[in-house]
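J.: Take a look at this one; I'll ask things after.
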Amino acid sequence: MVEELPQSLKEKKWQINWDAVSQELKKTSRFMAPMVAVTVFQYLLQVVSVMMVGHLGELALSSVAIATSLTNVTGFSLLTGLVGGMETLCGQAYGAQQYHKLSTYTYTAIISLFLVCIPICVLWCFMDKLLILTGQDHSISVEARKYSLWVIPAIFGGAISKPLTRYLQAQSLIFPMLLSSFAVLCLHLPISWAFIFKLELGNIGAAIAFSISSWLYVLFLASYVKLSSSCEKTRAPFSMEAFLGIRQFFRLAIPSAVMVCLKWWSFEVLALVSGLLPNPKLETSVMSICITISQLHFSIPYGFGAAASTRVSNELGAGNPQKARMAVQVIMFLTVIETLVFNTSLFGSRHVLGKAFSNEKQVVDYIAAMTPFLCLSIVTDSLQIVITGKEGKRKGTRRKILGRQEINELCLCITCIMGSFPLQWLLLRAIQVFTLIIVHLN
């Protein structure tokens, strides 16, 4: 028979646990709050462009929406996934006090991502032909290509800024990232207004402004890494060792990229599929706004996941698995609270939400009708980001936060290939048939 613990020992046990939770909550919040702000500020660069272009008309909004979706699918999502390979390497190296390796891993990541950018840019040069082949509207496809060509500089900027953010993130140097991203956003607003409205460049102006802002972010981060004393112990000169680590980088990066891309593509495919509906300008405009709102919120749990990534990697590198587990539990709790607050606010403002993106009453009413489904999507999306460890990226060891890497990859592949993508196509066909019936009856 198992003897029960005395009441005093039980109380002491609970007191110790709550003390640990309180300490972890403080430690995680100090890192997580600015990290969430950084991810929100970065994504707002694209949101600002969509909002400004949306007031130019349905064609401008739909073409930028299609171009943004395709550039995300074929470019930015791939870079975001691949750079996840740095999180294991940098997090454990910093936790094990092997500081010089952080610079080497950063150089390796930049070189690797630059190599990946070359075929991506070639693909973007033929975006109009690709879109027309998939059945998209001709005028939308032509305008989307113009936008994509001027976004090419931005992807090379991302190939530098994304590794730099992981380099700083591994050291918990979030404040310089916060200042840099906020400064870039403040500059992006007048730059976008000037190029889109003042110079009357429309879609092209939005793309140019986005590219300029992307390189401003690179400039700010690189200047901090070069000049700040906080990076002195991890800063190292470039060496040939960076080329030798490319194979190791891709070995860790490719599984991460698979999971990020599949999850990201399941959203972006909606915008592409909406372009095949009978009223492509309206459908693409509405779907792009819903995706923009969803991904704007996505940046919040993404920041939570970044906090989980750094805390878990550092604690595992230092040999503290219990603290790593505690960090995940605390962040899961915060994710649930944040999701409830955001969804309540979103649903309450559903009738005025669309006015921020468009002056068309039909678009505003359509968005209000879509908001309940958007809220449901946000709930499931937020929880899976943190459960799988921020989009399936490796967090410290071969094992994931709540399972093995291979299990996460298999589940996401099955969900997207056998569930999400076919379901989107079936719903598209159902809507087309329903539309034809209505037209015939009228």
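The backbone N, Cα and C atoms fix where each Cβ goes, glycine too.
Bear in mind that TrEMBL entries carry predicted annotations, made automatically and left uncurated.
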J.: Examine the ranges 59-84, 267-292 and name the one recorded by TrEMBL as transmembrane segment.
T.: 59-84
J.: Out of 242-262, 326-346, let me know the one TrEMBL marks transmembrane segment.
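T.: It is 326-346 that TrEMBL describes as transmembrane segment.
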J.: Quick test of the contact rule: Cβ under 8 Å, at least six residues beyond the ends. What residues does that give for the transmembrane segment (203-227)?
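T.: The answer is 42, 45-46, 49, 52-53, 60, 63-64, 67, 143, 146-154, 157-158, 160-161, 164-165, 167-168, 176-177, 179-181, 183-185, 187-188, 191-192, 194-197, 235.
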J.: Out of 59-84, 105-127, 177-197, what stretch is closest in contact terms to the transmembrane segment (147-165), meaning most Cβ pairs under 8 angstroms?
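T.: That would be 105-127.
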